[in-house]
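Visitor: I have a structure I would like to understand better, so I am pasting it below and will then ask my questions one at a time.
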Amino acid sequence: MEAATSHEFQVVRSGDDETREHDGSTTIDALPPTDRGRGAYIALACCTIAQAPIWGYSVSFGIFQEYYTSHGNLDTSPSGIASIGASQTGIMYLMMPLAFIALNRYPRLRRWCGPLGLFVTIVSLSTSAFVKDIAGLIATQGVLYAIGCSLLFSPISLYMDEWFVERKGFAYGVMWAGKSAVGVAMPFLFSALLQRFGLRATLLSWTVASVAMTLPTLFFLKPRVDLSRDSRPRPISFAFFGFGSFWMLQIGIILQSLGYLMPSTYLASYANAIGFSSVTGPILLALFSLASVPGSLIHGILGDKTSSAKVIMVSSLGSALPVFLLWGLSRHLSTMVLFVILYGFFAGGFSATWSSALQEIKGDDATIDTSLVFGMLLGGRGLGFVVAGPVSGALVSAGNSISTGDALGYATKYGPMILCTGVTAIMGAWAPLCKIAKSIGSRGVEAWARVVV
């Protein structure tokens, strides 16, 4: 029999009486198989395709940031412009715990959540095309657009969590790789559209494209468990809030998220500041996203095969070293190219490391729904992103006072931000690092005790 998820047990317990009366009994065997088969792969394909309209704008915000800075008439500081992208991504993530709780409690809401999210994104993007002040852009592109994308993302993630159990790391890796793949082409596309047609036409064009990509996924994506069986509100277990492993992982995610978006947000501006051509920024952003595709896949697959602590260590340390040694010490384009490839691979795969951690947190407790834990972790990521916006802007502003005019990364106004990015990357692995330090400390105390005795 297929591995049963907590969601399936709850469906069996709360399935409606009429179904049990006609069928004699409701069994998990009647459900489509997990991890394989037509239904699972259609769900994975739809979830992956949907990453384009959900994340296409946010992963390319560095291009819009550069446009607003150099072409726009916005009377605001760098931190104000950075807050548009940070609030968009941060609020999108912060909404997900609430959305996941509501959709787990009332599963029938899932079928309406996607269409509502699409409507909100249409309204927000089309309205932002006519906004000319920073407050309006934060309200439309930052807040309203984030709400719409969160409503789109939440139900499809829940569906995928139903379809994949044993290969959950692989599924999340493919999904996050789809998000990264969007970032390969979109910076070039948005840059070309902005230069040729301007901001308004670009935003309206993206609105139409988002509708065209989203509608097919809403039509073909189906839940594994028939929503008619979930006619009653389902009980939700928050037992994982009492687990130290959950909070250790959550704090690491928040810390890593503080610096994760800084390179992609400022790469285009940084490239222009040190004298590279205008096309360099989009190329670096595209390479970052391209490297994140195999990074997400490989980290996700590793998460299915080994402990989460090991995979998180690889991702965190692998992304911190290129920041300190390549970006901070770079003067040449070749060094920057190597940096974005390595950083994109390791940092871009960080979210895919959560899959194995979800199973470790859940353990043998069948009442804990891994999709709900996933939603809470996304909320922590959003908290880090929201704080990162004003922090990154403040770091760049502070860097103006120490800039020497040298093209060396640390010597530019972006130096403090580079240091912050590297430190937060290391702190993403603070939970396994603490365990290692505790283990070493215990052995040291034991050795000292033996010497004394």
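A Cβ is built for glycine as well, from the same backbone N, Cα and C atoms used for every other residue.
Reproduced below are the annotations present in TrEMBL:
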| type | residues | note |
| --- | --- | --- |
| REGION | 1-32 | region 'Disordered' |
| COMPBIAS | 14-24 | compositional bias 'Basic and acidic residues' |
| TRANSMEM | 41-64 | transmembrane segment |
| TRANSMEM | 84-103 | transmembrane segment |
| TRANSMEM | 112-131 | transmembrane segment |
| TRANSMEM | 137-158 | transmembrane segment |
| TRANSMEM | 170-191 | transmembrane segment |
| TRANSMEM | 203-221 | transmembrane segment |
| TRANSMEM | 233-255 | transmembrane segment |
| DOMAIN | 245-453 | domain 'Major facilitator superfamily (MFS) profile' |
| TRANSMEM | 311-330 | transmembrane segment |
| TRANSMEM | 336-358 | transmembrane segment |
| TRANSMEM | 370-394 | transmembrane segment |
| TRANSMEM | 414-433 | transmembrane segment |
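What does the local environment look like for each feature on the list?
Guide: Residues 84-85, 88-89, 92, 121, 125, 141, 145, 149, 152-153, 156-157, 159-160, 163-164, 171, 174-183, 186-187, 190-191, 194, 206, 209-211, 213-214, 216-217, 220-222, 224, 264-269, 281-282, 285, 289 of the same chain, all 6+ positions outside the transmembrane segment (41-64), place their C-beta atoms under 8 angstroms from a C-beta of that stretch.
Remote same-chain residues near the transmembrane segment (84-103) are listed as 57-58, 61-62, 64-65, 68, 109-110, 113, 134, 137-138, 141-143, 145-147, 149-151, 153-155, 157-158, 236, 261, 265, 371-372, 374-376, 378-379, 381-390, 392 (criterion: CB distance under 8 Å, separation of at least six residues from the stretch ends).
If you look at the transmembrane segment (112-131), the same-chain residues 6 or more away from its ends with a CB under 8 A from one of its CBs are 53, 57, 99, 103, 137, 139-141, 144-145, 147-156, 199-200, 203-204, 206-207, 210-211, 214-215, 218, 221.
Residues 46-47, 50, 53-55, 57-58, 68, 74, 83-85, 87-93, 95-96, 99-100, 103-104, 110-111, 113-114, 116-125, 127-128, 131, 175, 214, 217, 221, 371, 374-375 of the same chain lie 6 or more positions beyond the ends of the transmembrane segment (137-158) yet place their CB under 8 Å from a CB of it.
Long-range contacts of the transmembrane segment (311-330) within the same chain, counting only residues at least 6 positions beyond its ends with a Cβ under 8 Å from a Cβ of the stretch, are 252, 256, 263, 299, 302-303, 336, 338-339, 342-343, 345-347, 349-350, 353, 356-357, 408-410, 415, 418-419, 421-423, 425-429, 431-433.
Long-range contacts of the transmembrane segment (370-394) within the same chain, counting only residues at least 6 positions beyond its ends with a Cβ under 8 Å from a Cβ of the stretch, are 5-7, 77-83, 85-87, 89-97, 99-101, 104, 154, 157-158, 161-162, 168, 236-238, 240, 246, 249-251, 253-262, 265-266, 351, 354, 358-359, 361-362, 417, 420.
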Visitor: For the transmembrane segment (336-358), find every same-chain residue at least 6 residues outside the stretch whose CB is under 8 Å from a CB in it, and list them.
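Guide: For the transmembrane segment (336-358), the sequence-distant neighbours (Cβ-Cβ under 8 Å, at least 6 residues beyond its ends) are 168-169, 171-173, 176, 180, 245, 249, 253, 256, 260, 263, 267, 271, 284-285, 287-300, 302-304, 306-308, 311-312, 314-319, 321-323, 326-327, 330, 370, 373-374, 377, 381, 425, 428.
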Visitor: For the domain 'Major facilitator superfamily (MFS) profile' (245-453), would you mind checking the mean pLDDT of the predicted model?
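Guide: Mean model confidence (pLDDT) across the domain 'Major facilitator superfamily (MFS) profile' (245-453) is 83.
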